[in-house]
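Remarks on the structure that follows.
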Amino acid sequence: MAVSGFEKRLELHFLGDFEKDNMLGLRVLDFDSREQVLFAVQCSVVSAVGNPFFDAYVLSESSLFVYPTKIIIKTCGTTQLLKSIPPLIHYANNLGLNLQTCRYTRGNFIFPKAQPFPHTSFKEEVIYIEQNIPINLCYRKASVMPSKLPAHSWHVFTATFLPPLESHSHHEDITFIVEVCMTGLNHHLARQFFVKSGDGKTGDIGGKEMTELTRIDTINPGAFICDFAFDPCGYSMNGIDGDRYSTIHVTPEDGFSYASFECVGSVYYDPDDIVVTLKKAVQVFMPATISVSTTGCSREVWTKVAHAFEPLGLKPRSFAMDELPATGTIVFQTFTAARRK
């Protein structure tokens, strides 16, 4: 895993009638089909795990999650994530599934000029998505959510065939997604994600050691973790806990150090749970700067997210909010360490 920085994230939801012998939906995609999708993106599977609800894959460039009617791909570096849309729609159609909603998000690229088509600009990305999704996904919106930090803004595109009122009632704010992007990692903590030269350990064994050494396994003690260490440095982890996932990706190089943490929350859980989870995740890295996107959440959730960072010496710098089709409210907040202006 090379210097990568902010990931690109694509989430597709499908709708259709399962056949009695195919309750697994998208999970039945065969190896060759999945490989064709990842070849288009320019990444590969390095580790995988599944449970009765979904399958989670650690990729050479981040993560893939496959549910019966939902797929999430998160990739970094110069991957061509959006090129996965045409084959995914094709394979889903063959399973009797039709695209219902599409959501694409990303932060600012560290090296924007190095990005290949269609990721050369957010405008080009939006054009590409709109050209490759069905025309009946007619409720569409693109948004760039700003911050006071020049290198931190949040790019979002969503599309759905559900009218706004129906779309929001469909989601009912039952679950929410928290995406945390961290830069300027504490140097000492970042060194824990370098592989010792010549130790001969596999990525799986090295990943497990990093997970335990950094106490990432305590962030959600109930999750089963699938992890991988990259040579000479870098780390990825997927956590599975029932029907919910979490994921961490780290590129620890000095000058470009970056880590991301993403998890799914629920209004049915104690709202303080997300505070505890985020504190644990951020303490692994103690970054200089954090940006947090919270999608489909209530006011109670995003205010608690903000409060989670205050005891760690992180001060709020900016706040932005928007409403988008299919996802509802998105709140984007940035924070900086008090010791670094």
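For all residues, glycine too, the Cβ spot is worked out from N, Cα and C.
TrEMBL lists Ser62 with the feature active site, schiff-base intermediate with substrate. Per TrEMBL, the feature pyruvic acid (Ser) maps to Ser62. Look at TrEMBL and you will find Cys76 tagged as active site, proton donor. Look at TrEMBL and you will find Ser236, His249 tagged as active site, proton acceptor.
Of the candidate active-site residues, Ser62, Cys76, Ser236, the one lying closest to His249 (active site, proton acceptor) when CA atoms are compared is Ser236. For the pair formed by Ser62 (active site, schiff-base intermediate with substrate) and Cys76 (active site, proton donor), distance between Cα atoms is given as 6 Å, rounded to the nearest Å.
With all protein chains in the displayed structure included, the most crowded Cβ environment within 10 Å among the active-site residues Ser62, Ser236 is that of Ser236. When other Cβ atoms within 10 Å of the Cβ of His249 (active site, proton acceptor) are tallied across all protein chains shown, the result is 25. In this structure, the C-alpha atom of the residue listed as 'active site, proton donor' lies 11 angstrom from that of Ser236 (active site, proton acceptor).
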